[in-house]
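Asker: Would you mind keeping the following structure in view while I ask a few things?
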Amino acid sequence: MAERFKILVLNGPNLNLLGQREPELYGKQSLDDIADSLGAIAKQHATALDFRQSNAEHQLIDWIQQAAKDSVDYIVINPAAYAHTSVALRDALLAVKIPFIEVHLSNIYRRESFRHHSYLADVADGVICGLGARGYEYALQAALTTLNNTDN
């Protein structure tokens, strides 16, 4: 079956430590577990899924810029701490004009006050936080619903 859509899932700093780092906040699933789960959902929907992680802001920006060249249809991004600091990430997402959903494993509004502001939230299609790894699945389902509705 031909793939109907391309979705890029980006993960920011320290998410490579999922399952080890503060499991009471971020859960016990590893990033590989999340990638496998999303890959299975994408396959059911004939969707190409590219799942990546970097601790480097410039790498995330390079991938976002490349996404436009690769005709990516949608981005799901967990910017991690870059949500609260990176105007450059915001600018890259605005520049490519690819719709995106912001995801956070923990509820950023139950945490330190500096985490309450996201530079991406007001330009995202939506924000999902505090639902753990399921938040990624909800974001992917929302992206697929949006793409299917615009594909008609």
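Note: Cβ is positioned from N, Cα and C throughout, glycine not excepted.
The shown structure was predicted, so the numbers you read here are calculated from the model rather than taken from an experiment.
According to Swiss-Prot, the active site, proton acceptor annotation covers TYR26, on the basis of sequence analysis. Here Swiss-Prot flags HIS104 as active site, proton donor, drawing on sequence analysis. Per Swiss-Prot, substrate binding site is recorded for ASN78, HIS84, ASP91, LEU105, SER106, ARG115. Sequence annotations record features per position, and here Swiss-Prot assigns site 'Transition state stabilizer' to ARG21 based on sequence analysis.
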Asker: Which one is it: of the recorded positions ASN78, HIS104, LEU105, SER106, which Cβ has the fewest other Cβ atoms within 10 Å in this structure?
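Answerer: Looking at the recorded positions ASN78, HIS104, LEU105, SER106, the Cβ with the fewest others within 10 Å is that of SER106.
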Asker: Could you measure between ASN78 (substrate binding site) and HIS104 (active site, proton donor) for me? Cα positions, answer in whole angstrom.
Answerer: 6
Asker: Tell me whether ASP91 (substrate binding site) sits in a helix, a strand or coil according to DSSP.
Answerer: helix
Asker: HIS84 (substrate binding site) has how many other Cβ neighbours within 10 Å of its own Cβ?
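Answerer: There are 16 of them.
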Asker: Who sits close to ASP91 (substrate binding site): which same-chain residues at least 6 apart have their Cβ under 8 Å from its Cβ?
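Answerer: None - ASP91 (substrate binding site) has no non-local Cβ neighbours under 8 Å at 6 or more residues apart.
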Asker: What Cα-Cα separation, expressed in whole Å, is found between HIS104 (active site, proton donor) and HIS84 (substrate binding site)?
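Answerer: On Cα coordinates alone, these residues lie 12 Å apart.
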